[in-house]
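Visitor: I'd like to ask you about the structure that follows.
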Amino acid sequence: MEITVDQMYNIENKGHEMGFLKKFMMENAGAAAVRRLLEKIDVESKNILIFAGLGNNGGDGLVMARHLAGYNAKVTVMLLGSPEKIKTEESNWNWSILQKMSSVKLMSGDSFEFNFKPDVIIDGILGTGISGDIREPYASAINFINEANCYKFAVDVPSGLDPQTGETANIYAKSDMTVTFHKMKQGIPKRKDLTGELYAEKIGIPPEAEVGIL
Ligand SMILES: NC(=O)C1=CN([C@@H]2O[C@H](COP(=O)(O)OP(=O)(O)OC[C@H]3O[C@@H](n4cnc5c(N)ncnc54)[C@H](O)[C@@H]3O)[C@@H](O)[C@H]2O)[C@H](O)CC1
Ligand SMILES: [K+]
């Protein structure tokens, strides 16, 4: 069953109100995404670049960074903006854990340059919160992904693709694999040319959180 983006936000909020906090959803999302990536790539000693936006799509990417470090990948996180501007409590919580991990290289700001060639890029730039034309530095990050010659993994939806309508913004990323969460959103499967292999993974939200919404 495919659901709308509004239904997803309502289910997420209801689950949170039931006490299954968003930080746990984020943890399960990042963990499920890493499990799917591991089916394709042996990440040990690989250079993995994670672009993280300031919203919860970025937060999922931060969770992935921690899990991938546990598999001995060489992880670099590029937070697209200033850490003070991270928008949510759960993303902030994950950023502060990464700050205590010397196994993950953290970069942040409005511009970037890397002294390594990534084997995998994780697109945690924009998810269901997308609106309008893509602004900087997100636009440059999406262009970087599209120009790179490596495996590309999209968190929830390739950035720039509207998960509700299936329409693309002025700039959009193309992935080899996309893992969306809880249930498939209506617009995502319309663009399998951008998603690559597509999966919907459960993230522990109680089915009761759907009551009255689906
Ligand atoms: N579905 C679930 O149960 C869960 C989803 N998770 C992940 O959370 C994101 C949605 O997070 P949200 O913070 O609402 O939105 P985004 O991260 O997609 O974007 C937020 C941020 O981005 C800025 N922005 C929006 N449009 C643009 C633009 N065109 N150019 C530049 N910047 C833009 C804006 O400032 C927004 O505030 C979902 O996709 C999942 O990945 C949860 O982790 C767990 C549960
Ligand atoms: K994304």
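Cβ atoms are placed via backbone N, Cα and C, with glycine included.
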Visitor: Have a look through Asp6, Asp156, Asp176, Asp193 and flag the one TrEMBL assigns to the (6S)-NADPHX site that Asn56, Asn57, Gly58, Gly59, Asp60, Gly127, Thr128, Gly129, Ile130, Ser131, Gly132, Asp133, Tyr138 belong to.
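Guide: For (6S)-NADPHX, TrEMBL names Asn56, Asn57, Gly58, Gly59, Asp60, Gly127, Thr128, Gly129, Ile130, Ser131, Gly132, Asp133, Tyr138; of Asp6, Asp156, Asp176, Asp193, the listed one is Asp156.
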Visitor: If you compare CA-to-CA distances from Gly132 ((6S)-NADPHX binding site) to each of the binding-site residues Asn57, Asp123, Ser159, which comes out shortest?
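Guide: Sorting the binding-site residues by distance from Gly132 ((6S)-NADPHX binding site), the top entry is Ser159.
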Visitor: By a 10 A CB contact count over all chains shown, which of the binding-site residues listed here is most packed: Gly58, Asp60?
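Guide: In terms of Cβ crowding, the pick is Asp60.
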Visitor: Measure the Cβ-based neighbour count of Asn56 ((6S)-NADPHX binding site), defined as the other Cβ atoms within 10 Å of its Cβ.
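Guide: Around the Cβ of Asn56 ((6S)-NADPHX binding site), 27 other Cβ atoms lie within 10 Å.
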Visitor: Suppose the K(+) site is Asn57, Asp123, Ser159. Which further residues of the same chain have a Cβ inside 8 angstroms of that site's Cβ centroid?
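Guide: Everything else in range on the chain: Phe51, Gly53, Gly58, Gly61, Gly124, Ile125, Leu126, Gly127, Ala154, Val155, Asp156, Val157, Pro158, Ala173.
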